[in-house]
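**Q** Quick paste from TrEMBL:
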DOMAIN    77-125  domain 'Amino acid permease N-terminal'
DOMAIN    153-654  domain 'Amino acid permease/ SLC12A'
TRANSMEM  154-175  transmembrane segment
TRANSMEM  181-210  transmembrane segment
TRANSMEM  231-251  transmembrane segment
TRANSMEM  271-290  transmembrane segment
TRANSMEM  299-320  transmembrane segment
TRANSMEM  351-373  transmembrane segment
TRANSMEM  385-407  transmembrane segment
TRANSMEM  461-484  transmembrane segment
TRANSMEM  514-533  transmembrane segment
TRANSMEM  539-560  transmembrane segment
TRANSMEM  572-596  transmembrane segment
DOMAIN    663-804  domain 'SLC12A transporter C-terminal'
DOMAIN    843-1055  domain 'SLC12A transporter C-terminal'
Amino acid sequence: QVPGHHPRTIQKVFVDPLAGKQLEKKPVCIFQMEHYASVRGEHVNPVFEASKDDPPHYDDGFSGNGYSNAEHRDLRPSVVSAFGHNTLDRAPNIDFYRNAGSVSGHRAIRPSLQELHDMFQKVSVNLSPATELGASLLITEKGGFVKFGWIKGVLVRCMLNIWGVMLFIRLSWVFGQAGAGLGVVIVLLSIVVTSVTCLSMSAICTNGVVRGGGAYYLISRSLGPEFGGSIGLIFAFANAVAVAMYVVGFAETVVDLLEENNAIMVDQQNDIRIVGCITVVLLLGISVAGMEWEAKAQIFLLIILLVAIANVFIGTVIPATKDKNSKGFFNYHESIISENFLPEFRDGETFFSVFAIFFPAATGILAGANISGDLKDPQAALPKGTLLAIFITGITYLGVALSATVVRDATGNLNDTIVEGMSCNFSAACDFGYDFSACATKKCSFGLMNNFQVMTMVSGFGPLIIAGTFSATLSSALASLVSAPKVFQALCKDNIYQGLKFFAKGHGKNNEPIRGYVLTFIIAVAFILIAELNTIAPIISNFFLASYALINFSCFHASYAKSPGWRPAYKYYNMWLSLFGALLCCVVMFVINWWAALLTYGIELLLYIYVTVKKPDVNWGSSTQAVTFISAVNNTLVLSGVDEHVKNFRPQCIVLTGAPKTRPALLDLAHSLTKNYGLCITCEIFIVRGSRTDKLQELNTNLESHQAWLRSNKRKAFYAAVASDSLRNGSLSFLQAAGLGRLKPNTLMIGFKRDWRAGVECAGSFLYTSCSDAFDFEYGTVVLRISQGLDISHVIKANGKLTFSKYSKMLSTFRGEPFRPFLEGLTCTFLLSGPATLPQSAEMAKVNQRLVDASTQFQKKIGKGTIDVWWLFDDGGLTLLLPYILTTRKKWKDCKLRVFIAGQPGRIQQDKEEMESLLKKFRIKYAEISVVSDVSVRPSSESMKVFEDMIEPFRLHEGTKEMAQAESLRKDSPWKISDAELETFEEKTNLQIRLNELLQESSRAAKLIIVSMPIARKESVPDHLYMAWLDILTKNLPPTLLIRGNHKSVLTFYS
């Protein structure tokens, strides 16, 4: 047993590629890998249990050999195809579009683009059409599944669920309260809600293969895990409560029989509880026995139910006996229908309270969808079976109304007849010689309003109605008892709620959710103990209506998104009708019970927020994604038509990090500037030397893995990469092409290169040319320098045992003298996978520890201190705006701004007042303004000596050589600094050295220093000289940002 792998027995069929014949079969055991949502480096949701509806994860681009991590492809031979020549290309075939877990056929893998483009080797092999897909291995799973057709799996199941407890023991009460007129409206309103929902469901379930999970599956695959996860729990719970409702209805009938025969055990309510609990235990046994037994039981119950319904219709035309007359039954008469046509609500009931009690009778429409994983052809079966079930049951409800045969109140006393000379106008019964006026003063036991067993009395043979009631209630309870665990199991398999993973496990060849059955049983028993049908029914109504509303909205949303993947085979739907259905369900919920509706949506909202925050790593191509994309495109187009305004300026950064994880400090600071409010693109440049194939493979492989790293580390940024022949050309590509419309970067962020003096030519020329190019394209430019350095890629490549964040936490945990030997000997490693190396020297460990500390300093909250802004040159305000943005972030909120400006000795106070006035108009808070008047003072000889030593290896010293020798030196080393260039830029050089002295004096204790970056005139300042300016300016300082705006205003004091 390999951890994380699941063994299963398969048959390995070896095929002769030349003859196309099967050679031998061998049973083997393979290990089924955990589900990965991506094979490009992102390990997604490791406990996610793959369902067979998941689309295959192809690697058809430049990403390896076109196989996933669990597959290996040998070089594919060419075949003679329908095109008349040998080719690796394959004709379109359904097997290319199956997923790896398909049970309806074998997945074949088409040749990757790289195979066709780069790796073609012509090996002529004549294969038969059966083997033309190039498969040398066919996998067939042992064992089968029980699958149902549309009649047995959908029609029968839906009819039994719709013909539930309400048909025999509440329909007469509904028509007694609401009258024939409003009673028909209640039935029709229920049919409208369910029919529209069925049309929407039919469209969704014919838009691709449907698997187990019912309403949860349909909603989650359409609207995404947030909606699906929230409604999935509610819908599964509603089905569990429905079991209790149907069982209580059954128990009521049993207890009525016990009462008639004086066999009450305790009292009426407790007897309902006792009978209900015994019944649900028996139903649990049938369900656990498996779907085959449950289906057989359903057929048997349907036959009884149909006979019972026919018995009611026959009974209405059989002349009524005296006993039935005394109980209010007089066959069909116009006077009775006239009297019962108008409503007569009693006991505080209203139209919508009666509707709430009746509506669960229509909720069986999803009984077929709830076992969609057990259907042979869900796409064809669900629309046909569900719509036909709604039609048949709707006609039945309207036909069995009985409002034309039974009066509302009757005493059941044979002696309550009209005596000659006696007047009677209490009810239509007076026309037939019965006076039930006693019901006006006392509670009667018979009639539509008082007797829940009216159908038993009306029928031709009473015991058949009792059998029908048993059949209707038990069949509905059984269907709900099967539906709830199936839906719940599908939800748990998707691992949206990780704590519920326990209930995902199935048993047997049908993957029966035994644990789900037990949980459903416990919930059902809890509600059976209420023992009051009219209390349980409205609870279910709200939950089912919420589910129907989202099914309708799913159809509307998918149609509105107009995704090319929305191609339902069922065409008889309309997006606006679906929206109407969704709104109708919501309205009905509130008019039934406004506080229950609010509670339902409150629970759904909390679950939605929970799933959104947890961000389950699943991707089902939901319509929410499609609409988000459409909105993003439309908003971007709208933005492109609006001129930029200084008030809406925000930094949009290109950050040259390389791989994002290699320069965390640069990324963290950029993220602080742009988080949630601006664009941040982390960029990596792959240098191509010779063949570019390997680099392109690496580039494509890294795209997903680096974006996943940004997501997992909660960095609101994008990752982009280019392959180029040089760093400069790569950065030029980003500067010119990055962004879209107004979502275009305006600021370049780059790290200062500590080893810019390495090599013969200037290793730091990339920074110089990048800044120069950024100025050409009118980008603002930001350069970050940290004394310990920014690049940790060498440490990442060295080892791979610890993650960067775990190592940082460990350092903070084990600080102190007792742990110093451990830390000094520890290999400072993090992030990528790879073999561990031997421990480094103590000195190297200290260096790496300092590097880690410096690289993580912007990840934690910055303590109280200052951000010193040396705003020396007016660049449009970027040098001032960026530090202000930092102070608005939570990590930097304890830091105060100190502003330093250059001034003349004679007007220090005036310069300070002018800056105070400007900052006040800009509404930027500051702690202090300092005017530096001695910027132009010549730097000290020690500082000058440091600078001269810095540039000494790169000077020509042509002044001390003969003219011919000097010319030869210039020709051989044009990049070196000449004496003339050094003299030309002497003042600017001295300014940088002097500024460093002032920074050392005034800002040594600052948390962050911001300095206006010097600009070098293009093609006049040597690379080494410019890099020396930046080096000497920022030497031996806290973290320093060199900033230069594009000299367009980013601040304004106008409203």
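Residue numbers in this text run from 1 along the chain shown.
Positions of Cβ are set from backbone N, Cα and C atoms, glycine also.
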**Q** Hey, which bits of the same chain come close to the transmembrane segment (299-320), Cβ under 8 Å, at least six residues off its ends?
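**A** Result: 152, 156, 159-160, 163, 167-168, 329-332, 396, 399-400, 402, 405, 455, 458-461, 464-465, 467-472, 474-475, 478.
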**Q** Can you find at least 3 Cβ pairs under 8 Å between the transmembrane segment (539-560) and the transmembrane segment (572-596), where each pair is 6 or more residues apart in sequence?
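**A** These two stretches do touch.
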**Q** Report the mean pLDDT of the predicted model across the domain 'Amino acid permease N-terminal' (77-125), rounded to a whole number.
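**A** Across the residues of the domain 'Amino acid permease N-terminal' (77-125) the model's pLDDT averages 62 on the 0 to 100 scale.
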**Q** Please work out the helix, strand and coil residue numbers for the domain 'SLC12A transporter C-terminal' (663-804) from the DSSP assignment.
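**A** Going through the domain 'SLC12A transporter C-terminal' (663-804) residue by residue, I get 61 helix, 28 strand, 53 coil.
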